[in-house]
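See below for the structure under consideration.
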2 protein chains.
Amino acid sequence: MAESWSFVDTFESNFRPLVVIELAKGTKEETIEWFTKRIVDKKANGGAQLQIKPLVTENGDENIYLVGASHLRLLLGAETVGLVKECNDNSMRTFTYSSRKTFKDFADDNHNFLTMAECQYIIKHELENLRAKNEKMIPGYPQAKLYPGKSIVRRLLTSGILVQIFPLHDREELKKLRHSWYGRVKVGYQPLDEIRCYFGETIALYFGFLEYFTFALIPMAVIGIPYYVFAWEDYDKYVMFATFNLLWSTVILEVWKRICAIMTYRWGTLLMKRQFEEPRPGFHGVLGINPVTGREEPVYSSIKRQIRIYLVSLPFVCLCLYFSLYVMMIYFDLEQWALDYHEENESNFSSLMLFVPSIIYAVVIEIMNRIYRYAAEFLTSWENHRLESSYQNHLILKVLVFNFLNCFASLFYIAFVLFDMKLLRQSLATLLITSQILNQFAESLLPYWLQKRHKKRMKKRMCSLKTDTDLSLVEQVNLEKEMGTYFGTFDDYLELFLQFGYVSLFSCVYPLAAVFAVLNNITEIYSDALKMCRVYKRPFAEPTANIGVWQLAFETMSVISVVTNCILIGMSPQVNALFTDSKTDLILTVALVEHLLLAIKFIMAFVIPDKPRDIQIKLAKLEFESLEALKQQ
Amino acid sequence: MAESWSFVDTFESNFRPLVVIELAKGTKEETIEWFTKRIVDKKANGGAQLQIKPLVTENGDENIYLVGASHLRLLLGAETVGLVKECNDNSMRTFTYSSRKTFKDFADDNHNFLTMAECQYIIKHELENLRAKNEKMIPGYPQAKLYPGKSIVRRLLTSGILVQIFPLHDREELKKLRHSWYGRVKVGYQPLDEIRCYFGETIALYFGFLEYFTFALIPMAVIGIPYYVFAWEDYDKYVMFATFNLLWSTVILEVWKRICAIMTYRWGTLLMKRQFEEPRPGFHGVLGINPVTGREEPVYSSIKRQIRIYLVSLPFVCLCLYFSLYVMMIYFDLEQWALDYHEENESNFSSLMLFVPSIIYAVVIEIMNRIYRYAAEFLTSWENHRLESSYQNHLILKVLVFNFLNCFASLFYIAFVLFDMKLLRQSLATLLITSQILNQFAESLLPYWLQKRHKKRMKKRMCSLKTDTDLSLVEQVNLEKEMGTYFGTFDDYLELFLQFGYVSLFSCVYPLAAVFAVLNNITEIYSDALKMCRVYKRPFAEPTANIGVWQLAFETMSVISVVTNCILIGMSPQVNALFTDSKTDLILTVALVEHLLLAIKFIMAFVIPDKPRDIQIKLAKLEFESLEALKQQ
């Protein structure tokens, strides 16, 4: 390691560790040497021009490195990744080093101009863009092939030499954030801007959505309470509630787009140009020329991918859906059987037996969910998508459809085949409440408890001080590298999505669902915050301008809920009593109302602009300026 | 005029007249002098740097001017308007003067690098962008106020000093185009690229759509013929036909987007950056600061506009729709009355009376359509939209809804209230065929005949030569300035839209509609071509990348047609015979099928990419290159 230390001499005195790189134990010397040299090498030589420092631990492990960068390097990096910052005139502009003086809060000695999350994002971007020049392989590992332009870090990751890269927590900042976020009991908004500064836009947007969604549910919850309290059963009240619900859900989804635009404009991501996406790590193919960049990279025929999607994945998903329905039918048979058994020989044992089918079904569903998730990940990976975003979209779609069926199929069956509204209400309540409790437990409290225990053990072993902030850097790194990895907002959104389903699909049968959803979301905010701050490694910030496919998923759910609610109302005995002479008239009326509601929904979605007027004007102004600048050239 | 002649001296010897400006008779000398000076003045002085030449006619009128420009000026103008041209490497790029050598077919002496339509578009753009500097009014007309940045030409137009601006025809080119377009009887595609070169993208795209739509209808027509020939009445055959029709209409609308992308990529408009839109001529408001440009211009509160739209226009449109329905009901009453009268006292007179209600209704509808059109134009203009595009969209929406109701309300009434399929088929055929014949006559043949007569008169008066191409410039200008003005593709698209309605809304009742539509469209291509080449003034080319709102309108129609066809099939006696026991089951089945079809439609629209893969790659390549270029900076 003698040579790599020579680079340390060139460090600024105030080396600030930002990102941790953990190499596999026993990585060859020549590999480490080559890799660190590439990291510190000048841009002109194809390096990343960052700073790297080995972390010397007590037991002498040398497989952990800290990466930092000089202030100037970070500013140049901010220009490369196309960061958008606020100017002195309060407009948002793409940061360039030459125009740095025009930006708000910029000063050559202000090292807080870029947030720590931004610095870490820049370093991640620079590391991932460290590309092979004419190396044919990773030195010391002939089986890890390289070709000009291949990302070195991605190859190191896929060949297992690089165990992980993660950004360091900032203990002090985190403490402040925790305090303002969930440290004290208070009524008010979350500190979204601070969350964004610490965790990046994707996560801040998730918490923003969670908060917005909770507020948006409150009117539904408030209107729903009297239905429960006074046990209102008049159909006209239910019709009113359902109609309000359906239109309201359209409005909230449209308004969210506007709020999202306001937030992401303030954060700069709304204006951020999408960078050209590199192939995702798992992508493989024959070496060819990328038609877009003209560079050498693995190429995989899009027709082959389409064939895999439509001839393998699609049938497989359909089969799984069918199987899931089949299991549900068995469950209902079992349920019927247990009921019959209980009626025949009434005993303590038989009344216990009544619960058995539900428990078995819940367990089977959970197992099926897990297996399916693995299968979906395997299949989507096998479909060999070039882009991470397209991989994610296909995975989300697969998982979404299956989860939707698993959660709601039994409710649909009860509602539209058994016609048992009492049972529907009961099942809905049970499913909603148990799933919420289980989720909160499995997602945050359990990992938190495990984490706490682990920390205590670590602390004991290290005999270190009690308070968090006094931990030494070595201890901090050792602690954080053992923490779980946060795999993105997927599961959190999925939970919200299913909750939205419980609330809206059968809203006219169980108006209290919104109340439970609101209560759950309030604790969800706290437990998710806890999870982010305490349980997981700090995730890399990921700039994003919207919640992506989830917007579409929620909108689709709200369309489906129009249909289900109309049918439910049409089936209610009160409405049926109105149309005693002709069932045909009833169905026609319901169909007419449904089509009208759908038409109103689409018109509303069309009429409400996706961006508020002032954001539209600001965007138009920027576009106008760039056009004018082009003309001036 | 002595002074303005001095500018003529600076002309290149080969002045090519491109655009004609007609001023009002008796326009003041000082105004003409000022205006022509501004047109020829250097760019640096705020002029347009074009060439202008008065047209000296026999009777000494001096109110007509010809505008041209030097080759260099046009190339610089092409850069200003952001024209996209093909490069030597077959990629499409935004033209810049500095990179001119890299473009295909570019040579300093090749004056055909820009098509005549492009040159005329550039001149129009430059004229419209001739802006007031510190003039407070148009010299000689104190009531025609100006303010810095106001387009001079637009003010001249609104104050009536400028009668019209129009581009000149190119007799020889037009002859060639006519020959290859409709001059000979042939089977084959239209010369869309030549049409685009001569008339611009908007008109070429209309003809492209008309042609595509005709081809797309052929499968429907072919499948529809045996239903007529063999008088098939089996419900299963109708169900098959309708299902095919509904899915087919989704496919053709999606595929059109792809074909449109291919065409507009080739023409360069797909890549063309949208210029900042200036306020439309009729827009008025208090002088203020435009928040986007920061320039002084009339400002009108968007809330006031919203109020006018939602509190005046919307109720008015609804009232008109209601009135139109009311008139329809009167028509049906009259019809019934005539029938009763005929049955009571059967005579020649009474059988003649049978036709009276239809004739009255047709006349009333025509009158209502005209009045409504004026009202819609007045209202939309009163709504005071800042942009021409937004004005057009609001106008199209208003006219579309009313025309839809006028055309189809009686059919809906016959189908879903009277339940008379025989009458529906008969009315559909009558409406479709008569509207087609009337349209072709009123739209092209009548104006053509009038035009021909007028030309003959003109020729006689001028005692000029017989053949078209030998006409002198003076005669050509005098002839063309009297020709009608083509007001854009609105009416042509509207006709196609209504035709699409006749074909798809009731396709399962009258499969022959597609056959008539195909026949009509084949002659429509010829009559529209005739209209463009012979009847109207040459219109200015208008770059466009798609057919705009019409895509949405056609898609909406295809959604509505799913609903109508499902209901029609559900009402057919054959299907009813299948569900003799329970009418409820029938309706539920129909509703289920309808929802399934709608779901399939939306999924298909989602799955079929809007742009073909190679266009996507070409666009991505351009984006990648511009990102790389930014990085190099």
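We count from 1, first residue shown onward.
Heads up, the Cβ atoms here are built off N, Cα and C, so glycines get one too.
What TrEMBL lists as domain 'Anoctamin transmembrane' is B:195-621.
Residues 238, 241, 244-245, 248, 252, 255-256, 259, 496, 500, 503, 507, 511-515, 517-518, 521-522, 525 of the same chain lie 6+ residues outside the transmembrane segment (B:212-232) yet bring a C-beta within less than 8 angstroms of a C-beta in it. TrEMBL lists B:212-232 (among others) with the feature transmembrane segment.
The feature transmembrane segment is assigned by TrEMBL to B:238-256 (among others).
Under the heading transmembrane segment, TrEMBL lists B:309-332 (among others).
Under the heading transmembrane segment, TrEMBL lists B:352-372 (among others). Sequence-distant contacts of the transmembrane segment (B:352-372) (same chain, at least 6 residues past either end, Cβ-Cβ under 8 Å): 320, 323-324, 327-328, 331, 334-335, 337-339, 341-342, 399, 402-403, 406.
Residues annotated as transmembrane segment in TrEMBL: B:395-416 (among others).
As annotated by TrEMBL, transmembrane segment applies to B:496-519 (among others).
Taken from TrEMBL, the feature transmembrane segment applies to B:586-608 (among others).
When the stretches B:238-256, B:309-332, B:586-608 are ranked by Cβ pairs under 8 Å to the transmembrane segment (B:395-416), first place goes to B:309-332. Listed by sequence, the residues of this chain that lie at least six past the ends of the transmembrane segment (B:586-608) yet keep a Cβ under 8 A from its Cβ atoms are 243, 246-247, 250-251, 253-255, 258, 555, 558-559, 562-563, 566-567, 569-570, 575-576, 578-579. Sequence-distant contacts of the transmembrane segment (B:238-256), counting only residues of its own chain at least 6 positions beyond either end whose CB sits under 8 Å from a CB of the stretch, comprise 209, 212-213, 216, 219-220, 223-224, 227, 232, 500, 504, 507-508, 511, 551, 554-555, 558, 561-562, 565-566, 568-569, 572, 574-575, 597, 600-601, 604-605, 608, 610.
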